[in-house]
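Participant: Okay, handing you the structure first.
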C-alpha cells in the first residue's frame, strides 16, 4: 500500500506513560497529585486505541469480498470519523462518504468494511487530505474498484480551540479515482447523492 508511513513498531505503553508524565511536568503540573496520578497510564491506554490504525493493513480490512456481479455504485454516507491532527495532536472529527464502482469481476466488500477502512486510516496521526486519499487508494489497490469517490467533512479542534479560534468551521476534502475522475457527469451524480 502507498501509505507513506515508516515501518511499524508496536505501541510502547511504558514510554508513552513516561512521556505524558514529562508533559505534565513541562506545563507546570504535579503528576503525583491525586487527580493526575493515573493520568499517564490512562492517556497511554487511550493513545493505544486512538492510534491503533498504525498497526493495521487495509488488505486485512477489505480481504472478504462477495461475488455479486454488481457493476453499479455502492455508496455509504455519513460515516462518523474521529482522527488526530498530526501537527498539534488534537482531534478532528466529522463524516466520511465513500462510494465505489466494483472492479470488472463484480466483487463487492461488506458495507461495514468501508466504515472500518475509514476508521483504520483515521486512527493514526493524520491530516485530512492524506486520510481522504488513503481511503480512495486502498479501494483501488485492494478491491480493484473501477471508480472511487471519497468526501470527508471535518471540524478541526486545532482551528477551534487554539490559533485562529474558529469553532464550527469545517474542512471538506475529496479524492476521486478512475471513472469518476474522468467523467464529470458521473462525478456530479455521485456528489448529488452524497448531498441528498
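Every residue, even glycine, has its Cβ placed from backbone N, Cα and C.
Just so it is clear, the model here is predicted, and its values are computed rather than measured.
For reference, Swiss-Prot lists these features for the protein:
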- 85, 88, 158: Zn(2+) binding site (BINDING)
Participant: Could you tell me which three-state DSSP class residue 158 (Zn(2+) binding site) falls into?
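Facilitator: Going by the DSSP assignment, residue 158 (Zn(2+) binding site) falls within a helical segment, counted as helix.
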Participant: Excluding near sequence neighbours, so keeping only residues 6 or more apart in the same chain, what lies with its CB under 8 A of residue 158 (Zn(2+) binding site)?
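Facilitator: Long-range Cβ contacts: 85, 87, 88, 90, 92.
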Participant: For residue 85 (Zn(2+) binding site), just count the other CB atoms lying within 10 A of its CB, please.
Facilitator: 18
Participant: Determine, for the Zn(2+) site, the additional residues of the same chain whose CB lies within 8 Å of the mean position of the CB atoms of 85, 88, 158; present them in sequence order.
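Facilitator: Near the Zn(2+) site, beyond 85, 88, 158, sit 84, 86, 87, 89, 90, 92, 156, 157, 159, 162.
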Participant: Which number gives the other C-beta atoms within 10 angstroms of the C-beta of residue 88 (Zn(2+) binding site), all protein chains shown included?
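Facilitator: Excluding its own Cβ, the number within 10 Å is 15.
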